[in-house]
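Since the structure comes first, as structure tokens, the remarks are kept for the end.
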Amino acid sequence: MIESDTSKLPKEELDSLKNYAHGLIKTVREPLLVLDRNQNIVAYNANFEKKFKINESEGGVSVFNFNQKQLHTDEFREILEELQNSEEPISDRTVEVKFSENEKKKFSVNASLLSLPTKTSLTLLSFKRLKSGRLSRQEKVFNKVVDNILSNAPAAICILRGPEHTFEVANENYLKLIAHRNIIGKTVKEALPEVGNQGFIDLLDTVYSTGEPYIGNEIAINLQDENGAFRNSYLNFVYEPTRNKKSKIDGVFVHAIDVTEQVLARKKVEESEDRLKEVIDAVPGIIWITNEKGESIFFNKNWYSYTGQNVEEAKVFGWLETIHPEDYERAKAIFLEAQKERKPYSSTFRLQSANGDYRWVIDKGSPKFHSNGEYEGMIGTVIDVHDEKLKENLVREKEHRMQGIVKEATVATAIYTGLDMNIELANNAMLKLWGKDDSVLRKRLDQALPELDGQPFLELLRNVYRTGETYWGKEDKVDLLINGEMQTGFYNFTYKPLRDKNGEIYGILNMAIDVTESVKSKMLLKESEFHFRQMADLMPGMVSKTDARGSDIYFNKNWLDFTGKASESLKEIGWVEFIHPDEKQTYLDAWENCLGTGCDLEMQLRLKNKEGKYIWHLSRCEAVKEDDGSVKMWIAANTEIDKIKEEEKRKEEFLKMVSHELKTPVTSIKGYVQLLLSLIKKQQEAEVSKLPLQPSLERINHQVSRLTRLISEILDLSRIRENQLELKKEEFNLNELVAETIQDINYTNTQHKIDLESEVQSLVRADRDRIGQVIINLIMNAIKYSPGSLNINVKVVQEARDKVKVIIKDFGIGISTENHKKIFKRFYRVGVKSEETYSGFGIGLYLANEIMERHNGEIKVKSRLGEGSEFSFILDATQITS
Ligand code: ADP
């Protein structure tokens, strides 16, 4: 039972040491063990032998190999090592001792070094059995609480005991994690063989040995599931060393959270982000992303290749360093401002490219907000606009120059921008036209010129802006408030859309020319032309107007009525076409001559009317000349002379007849005179009384009175023409005058029977001789034009209350209705050829009518061809009795 540590000790010394040890432990009741410095067994007491069931008696063996390596545990080895090192006594350390495969007992161990006078030392170990099964109530409650906590904890929790990391406790979550394998009492290596080569055991060893906790974040672990299949999980975990009462590490507390889902989800996001970045890299422009602090966290590849910066240089605010020094402060301020305001951002500056050149770029960014509304930073692009910018500068320069030119231009010019029509520019001419000063610049047009409200221009402008179609105003009327007064002007103007380099409309160019004067004079001209036309239309003749070259430009209404053509077609046909072929060539020659010389034209010609009948006209054409003598236009007037011509013809006939009529009585007088002369000659030979002197003289008398009447009628005719017919009015009895006249006629006309019937007796106030003349004319006509019927009725009747009417009715040849009016005209006779049958001049009725008119009387005819005629005249009666 006694073990010696070495054979180095002398025999006697060893023996005395053993005796010492035996003597020391024999009387102690607790199990005691004594070891030498080499941890070999020196002695143990009876109780130790009993408690540890020692059935072997080898001495001097290592305590670790003793009694089937019962004490070959880490805890026990640690106690011994610690004691050796510190040489301080150790108390109440738990050591688990294995008695069989299923039986383990826990002992509380106290240990102390016992220094011997022989300069050697012994280790004294006492064992006290820990009654594990019987826990105090308090302990039980405590354990229950711990259990509860553990099992309900969201994390997977376990406690590994000892240097081999034996599972002591594991909560449900932990068991779930490892597919509910039976792990309690097993070491990690035994329980989870698949993690052996994944580095976890090394980590546990390190924690166990160093006492430093380990925190693992999203560590991948490959675990087998119930079916033995391997599954990748990600864990956030803590390995926290646990210590015993003596602060010695006795295990590891494992607290793990399965973050597989988050990690996989995040990995997916990262993957898609990676893919997005790949896409972004492939974009043929520069793209950047900042975080909520405005720091750049991403640039696509293009940034690096464009600027030559590397990732480190560009990140956060490093990219600003590539901006041209002259643009730097401005660009930075704009960027930071936008970042602060979290507003869309746009800025133009020069950026240094990889080869050192500065190029103009547009940098644009938009704020990014998380779905929960939180600001996340900006995402933006950088676009190289260097070439465009240079062009733009050129354009600007040009525009500048153009503006200068426009300003000086005399044509009123203005530029409006935007749909609001802001007055971007208005030159002096335009300001003058508006009657405004330059305070209207940069105002809206409707504010600068409020008087445009109600006029169509603002709408026209907006329309041009929308449609892009230029508007041309021609002589448009514009009312403008000039010097506080509304003034009307007329303008020719354009509204032309202005487009930027992308073709987008940004404004309107307005150019205007004041044509008020010309419009006003045109209006005057129109007015005078209107008057001319009105006059021309009212004129009885056919008036036409041509331009200087003789082209037809105007025909008056009479022309249209005459030809039956509309103005347009008449212009087309031309008036020459209406000239009778006999006169046409002569006219054209004369007209040609006029156009060449500007002299006037006058000729008689026949023009064809709408019925196809040629009517004689006197055509006069006169040139209207300008101040310098050049022909401005021609005015032609065609007056119908058909009636004149007819009258002329009648005149000729009249003269023929006069001579004929005068010849007859004169010849007759001459004959009777000759007869009388020869009779007087014979008087000397015979008796005068037997000679027919009386009837001859009566005939001479009759013919002479005919001649006298004829001559007085011709005299009256010329008096009427000269308006010199005077009336000698007196009151007389009309009935008496009628009776006397009939009586006179009866003297010479014995063939016709003239009846007089007086229904009333009437006094009239009139020229007795002339009324008598009228009665003679009417009765003589009745006689003359009724050769086949010998009755003539004369009646005096009352017409109205104070009017008397004399009716002369015959039953002769009668007059057709169309001639009823014409017979009262001068020299008019029905049927030209009848002059042989019915002698006369055609002045009797004309005179009768004139005389009646001058008495405020009336002369009428009722007649039908072949049925006789009834002529009557009406006079005011001064007295009338029946
Ligand atoms: P004239 O000298 O021709 O009779 P008048 O002036 O007296 O001139 O008459 C004009 C014409 O009127 C005549 O030529 C004749 O044709 C017509 N006329 C006048 N009286 C009658 C009548 N009683 N019956 C038929 N025709 C008449």
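Each Cβ is built from the backbone N, Cα and C atoms, and glycine gets one as well.
A TrEMBL annotation is a machine prediction, not a hand-curated record.
Annotated in TrEMBL:
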type	residues	note
DOMAIN	272-342	domain 'PAS'
DOMAIN	345-397	domain 'PAC'
DOMAIN	474-527	domain 'PAC'
DOMAIN	528-598	domain 'PAS'
DOMAIN	601-653	domain 'PAC'
DOMAIN	657-879	domain 'Histidine kinase'
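Secondary structure of the domain 'PAS' (272-342) per DSSP, as helix, strand and coil residue counts: 44 helix, 11 strand, 16 coil.
The residues of the domain 'PAC' (601-653), classed with DSSP into helix (H, G, I), strand (E, B) and coil, number 12 helix, 30 strand, 11 coil. By the count of Cβ pairs under 8 Å, the stretch nearest in packing to the domain 'PAC' (345-397) among 474-527, 601-653, 657-879 is 474-527. Helix first, then strand, then coil: DSSP counts for the domain 'PAC' (345-397) stand at 12 helix, 30 strand, 11 coil. Shown for the domain 'PAS' (528-598): DSSP residue counts in helix, strand and coil, namely 46 helix, 11 strand, 14 coil. Across the domain 'PAC' (474-527), the DSSP tally of helix, strand and coil residues reads 12 helix, 34 strand, 8 coil.
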